[in-house]
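First the structure, in the form of structure tokens, and then the observations on it.
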């Protein structure tokens, strides 16, 4: 089937001739299938051209063609069901060049004349003759489809429709699909209404421009779904339960009869998939369709117009992820028949006609109506009139005291914040270099978040089941998780890992990249106790240092917030404590011991850590939110600076050789409201000689470590010519030794910063799987262990 998804997403204007009719279902969804005799023509285009040709035949030739499908009326005893030419064409597709048969020509089968087969058509209008000829072309089309089709279920449907149209030609009737399939629409609310409700539910609070972007994405998704080729029931059975497979087969048959086949066989009444099906079909097909759709866009990204590329590759994956939550969520309001959004929740979406009962009634589509039905002929959708609503009341859960507490003394007015936000989000108002690439100060999970939006990585909560038939893909992922955990946690017995990963009481949040597992977090939920135990957490070595671990944990936090569990407990070994601290874990355990004693597994030599979740924080977007907050504060500071008239002369002490001065000695610093941090001050060692000796001893231990050899001296240009072009701030252990002798390290922070830069530079220049990076990873663990041992950093 020719799938116009890519074209329609880039330019949401649908040309009906781009979609094909029934062909072999064993082809991949979205793969084009043209008529082999006419290269470059889709099945639908070929069908349209063929109908135009036969309708231009002379009357005699038309009767001959209809006679093939007309029973003999010479007498009641004749059982001939169609006139057969006594002089059949000798080569394929020669019928157009042959002369029309005479009405006196006898049938090769029964011996009666053509006139006795078409006597019922003598007084029939030309319009009706042309309608019947259209059905003849569709019958021939379906006949070829039946022979080419390899899937049994699809072949049966094609054969049924073939017989139905043949019967209609014989009886001069109109085709009506009968039986237990029912008639459209099959479910309410339908997919179109559900998706548009989703946009209204999730994005009505956004600014008009952003809200319009989300609306465009919803139209794009609906348009793709209307022309997307569904997987066959036999393919669906391989990944689903028996009961689900039976329901899907019914929906698939309905889709073939009412949506797919009529695209190229317009004798049958045609309906849009999104207007006659609802949540049940969407649940069955969404995960597979989403993956195939994103893959298709990724492969064909160079064909997309530049103005649509960012929309499709960056925003569309996130849009689909949010929609997925509402499709499979138990209590999503978007599927309620009486779904409404109060006026106070934000401006209503424009183009309200798509939500009206008329547009979802499931009426058959006339030619060329598919584009206008979804309102995709243009993107400039007019906003509806705002409704004047009553004054909003406080939510029931929010008391008056809570409301007062929200208004912080000295808080910045929202008008000012909105004004600053416009400056930050408007590219024309922002000066300076482009920020499209990741900055040096990008958050740890920024790369992972972008990859998820683009569909490069996926997150799935999976587990083994003893009560239901095992899904082959999930079992493969569980085996992959077992391998990752075994490889990354060598001190843990493999049998023990296998037992817990495949234990039905345990679940795992799996990180999938290119169809294979590259990491995961195995956990067990204790809902009655109010906490979850994290058992294993690992990312495969060649995919580390990309922020996957942080993003993985953030997804796990959001998953638990949805399920009402707000505490994590885990036993971390000495190498994992650092990771868990970065993710918000602490050694201070607030969960009462009576709640977890006897529930979680105790590991010798490991430290119990806890993480308390805040249900108001969107963890997967937290770093992005904090970054935006910093940008706002920076802009507010700039505004404040413009109001301060007092200007101090620049500092001259650095020209005289002074390397560092206390912050409080900067002229005017205290007038801005700055105060020194007593806590930070007390942390530094006051005796410089004591600090010097401690750092000297530590540096000596690092230099004698077996994995320190690549970092002993500066990198030579002869060995790496482009090194100093890539690395802006080179550092090595020899340079650090000289700095230590010159008393450069007046604080421990300067020393630790140089040590960390040694490792960072190595990772930036060398491939992750190189010997240098492996040495850097080992050395980093060693010196952080020594720093903790010496009390220079918190344990």
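Glycine residues also receive a Cβ, built from the backbone N, Cα and C atoms like all the rest.
Annotated range for region 'Loop 3' in Swiss-Prot, selecting from 597-606, 607-616, 617-626: 597-606.
Among the residues the record lists as binding acetyl-CoA, namely 537, 538, 539, 544, 545, 546, 547, 548, 549, 550, 575, the two farthest apart have Cα atoms separated by 18 Å. For the recorded site, residue 549 (acetyl-CoA binding site), the DSSP three-state label reads helix. Less than 8 angstroms from the CB of residue 549 (acetyl-CoA binding site) sit 519, 537, 539, 579, 583, each of them six or more residues away in the same chain. With a 10 A radius on its CB, residue 547 (acetyl-CoA binding site) counts 22 other CB atoms from all the protein chains.
All chains included, 10 other C-beta atoms sit within 10 angstroms of the C-beta of residue 575 (acetyl-CoA binding site). Within the same chain, residues at least six positions away from residue 545 (acetyl-CoA binding site) with a Cβ under 8 Å of its Cβ are 763, 768. Sorted by the number of other CB atoms within 10 A, the binding-site residues 537, 539 start with 539, the lowest. Classification of residue 537 (acetyl-CoA binding site) by DSSP places it within a strand. Using a 10 Å radius centred on the Cβ of residue 533 (active site, proton donor/acceptor) and all shown protein chains, the other Cβ atoms total 20.
On the backbone, the CA of residue 533 (active site, proton donor/acceptor) and the CA of residue 575 (acetyl-CoA binding site) stand 19 Å apart.
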